[in-house]
Structures are given as structure tokens and as C-alpha cells.
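Participant: Quick one: structure below, then a few questions.
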Amino acid sequence: MKNIGVLTSGGDSPGMNAAIRAVVRTGVYHGMNVYGIRRGYQGMIDGDIQLMQTTDVSNIIQRGGTILKTARSKEFMTPEGMQKAYEQLQKHGIEGLVLIGGDGTFRGAVKFFEQYTIPAVGLPGTIDKDLSGTDLTIGFDTAVNTAVEAIDKIRDTAEAHDRVFVIELMGRDAGYIALNSGIACGAEDILIPETVTHIDELLNKIEADELRKKAVHIIVVAEGDDFGGATEVHASITERFPRLDVRACVLGHIQRGGSPTYTDRVLASRMGHAAVNALRSGDTQVMIGIVNNEIVHTPFTNVIKGTTPISADLIDMIRILSV
Ligand code: F6P
């Protein structure tokens, strides 16, 4: 295989640049031509494709975002869009692809490869960590660290004012960012979609805390929680306790930006290098993951909407520690 393409698709995640760097440099090392496809699948359709050199990826390992830009392409999900994309790949002589993205990226890939045959390898680039076949996704660690830093700051002002704070974190349908940030910040409550939220239990806990003169209560809620987000939780608390000083905060896209942590940089470098090796060895239509510190390959169809169950032990630990 001589010509390969690399793209980033879906929501960006810190570490995508480190992954692009690893793909380009490993490819060039093996004598390949590596083409950067800009704006994900949309750039594939539009033929926004350029040959990359090792110097094009200098000084990016530490940068958030993605130098290739990203998009969520609706057109790619149509038969016409897919055909245009395939024609562009043919036109550029691209014989293999590295797809860096999350759940939506792999869903798109599965549909595309039902119709068209081209070897491809995926890298899990998402802050949500909602893919099977890997212990970590590129960007998750940075997103959690960003959330932790923000929640620590919110706790300072909560302590100063004796306030209840409801902080909503990203994750789409998954609660891993909220779960891990909540544990790391000593949140009094963590609401995630993987467990059923009983709002009455939360309200009773706030009442019990009030009785023992504990005024500050940090509630971390995942955006995909079954009860609702920060707005809904805030409304329930103020309805039952109109006297309490309650604030809601939606952390939002700050969780997607910033310089990747060393964990994400190393993860992305290892995965990018492994992706090119997988293409070269012909083990394709798989996502590269790292499980127990070893590189593993999982077919695209098996990684989508992957959830790692949250152990009963962990839930029990949170209950004991968050008093
Ligand atoms: O998948 C990453 C993610 O940041 C989710 O956590 C969030 O639900 C979504 O993307 C937000 O998407 P957008 O940037 O399109 O608003």
C-alpha cells in the first residue's frame, strides 16, 4: 500500500493532532504518501485532500483541536455523498484510510464499507469514552482534567457563599466524564446515565446535610442523565428548598479544547503508529484500542455505543466517600 489518507471526524478531542502526527510520520517512514483529508467525511466528498510531509505535523503534538479540521457530515450519510467520497478517493489514488473519531465516525464507516471496499483503520478520538475495545479514548483524560480544574474552582466560590452547585458535564449518552471528574473533585452527588437517578434521594440528602450544617453541595450531572441536566436538577432543588442558594453551571465545550495531557499525547502517538502498521499488515476495518496497556484491534461494528459497565464496588465507594 503506497497512498493512505487520514481524517478527523465528529467532535474534536485533545490529542487528535498527536494522532495525525503519528500517522503521517509512521507512514512517511515506511515510504508511503500520506494525504490529509480536511473536515472529515465532508472533505472526502469535496475532495479537500492534500499530500502531507513530516514537517506539516511539526509543533502540533501539544495543540488541542485538529489541524485537519473536523465536521459532522450529513451528506456522507446519503448514497450520493458516499459515492462522491469514493470517487474522490479513487481520483487521488488513496488505497487505505485512517479514520480518527468517535461513535458517529464509526457508524459512518460501517455504512460506507457496506458499499465500497477500501482498507481502513480507526482511532478512538472522542472525549466521551463511549466506544468498546479500548480502556481509553483520545481526549478523555484531558477532558476530565479540564472538568476537575473547573469544578475545583467552582467549589471555592461555593464554599465562600455556602451554595449548592449543579454542574453539567459532557459525554453525550455516557457518564464517564461526570463519573471520573465527580470522584476526583469529591462531589457530594454524581448523576450519570449508567445508573437510575432517584431525585428524591438526592433531595433528602441535601436536607440531611442542612440539618448537620453542611451547606455546600456539589452535584455533578452528566448531560445524558435520565433525570435531565443541570437545569432540571436545579429546578427540583429550588422547588423543594426555595430558601437555598442554588446555581447551575453547564461546563460545555471548554471540555473539548486545550492542550492534551501527557496521557492523551502518548495514547494518540501509540495508536497512530499502530494504525499505519495495521494498514500495512492488512488487518483492517478495525479500531485500534489499548486494553491493559496492549494494542488491540476490534472490528468497527463491535466498537459502536460501547459502554463499560460501572462496577457495583465503584458505586458503593462513591456512596461511602461522598458524605
Ligand atoms: O462527542 C463529543 C461531544 O462533545 C459530546 O460530549 C457532546 O454531546 C457533543 O459532542 C456536542 O456536540 P456539538 O459540538 O456538535 O455541540
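Including glycine, each Cβ sits where the backbone N, Cα and C put it.
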Participant: Let me know which member of Gly11, Gly15, Gly27, Gly31 TrEMBL also records as binding ATP at the site of Arg72, Ser73, Gly102, Asp103, Gly104, Thr105.
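Facilitator: Candidate in the recorded ATP site: Gly11.
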Participant: According to TrEMBL, Thr126, Ile127, Asp128, Arg163, Met170, Gly171, Arg172, Glu223, His253, Ile254, Gln255, Arg256 bind substrate; which of Arg155, Arg247 is also listed for that site?
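Facilitator: TrEMBL lists Thr126, Ile127, Asp128, Arg163, Met170, Gly171, Arg172, Glu223, His253, Ile254, Gln255, Arg256 binding substrate, and from Arg155, Arg247 it also lists Arg247.
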Participant: Taking the center of the Cβ atoms of Gly11, Arg72, Ser73, Gly102, Asp103, Gly104, Thr105 at the recorded ATP site, which other residues in this chain have a Cβ no more than 8 Å from that point?
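Facilitator: In sequence order, the nearby non-listed residues are Ser9, Gly10, Gly40, Gly101, Arg107, Gly108, Thr126.
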Participant: Using the alpha carbons only, what distance in Å do you get between Ser73 (ATP binding site) and Ile254 (substrate binding site) once rounded?
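Facilitator: Each residue's Cα considered, Ser73 (ATP binding site) and Ile254 (substrate binding site) end up 23 Å apart.
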Participant: Which one, from the binding-site residues Gly102, Gly104, Gly186, has the smallest tally of other C-beta atoms lying within 10 Å of its C-beta?
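Facilitator: Selected from the binding-site residues Gly102, Gly104, Gly186 on minimum Cβ neighbours within 10 Å: Gly186.
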Participant: When you tally the Cβ atoms that lie within 10 Å of each candidate's Cβ, which of the binding-site residues (Asp103, Asp128, Glu188) has the highest tally?
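Facilitator: Max Cβ neighbours within 10 Å, all protein chains included: Asp128.
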Participant: Between the Cα atoms of Arg247 (substrate binding site) and Gly104 (ATP binding site), find the distance and write it as a whole number of Å.
Facilitator: 33
Participant: Within a 10 Å radius around the Cβ, which one of these binding-site residues has the most neighbouring Cβ atoms: Val23, Met170?
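Facilitator: Counting every other Cβ within 10 Å of each candidate, the maximum falls on Val23.
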Participant: Would you measure the largest Cα separation among Thr126, Ile127, Asp128, Arg163, Met170, Gly171, Arg172, Glu223, Arg247, His253, Ile254, Gln255, Arg256 for the substrate site and round it to whole Å?
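Facilitator: Farthest Cα pair among residues binding substrate: 33 Å.
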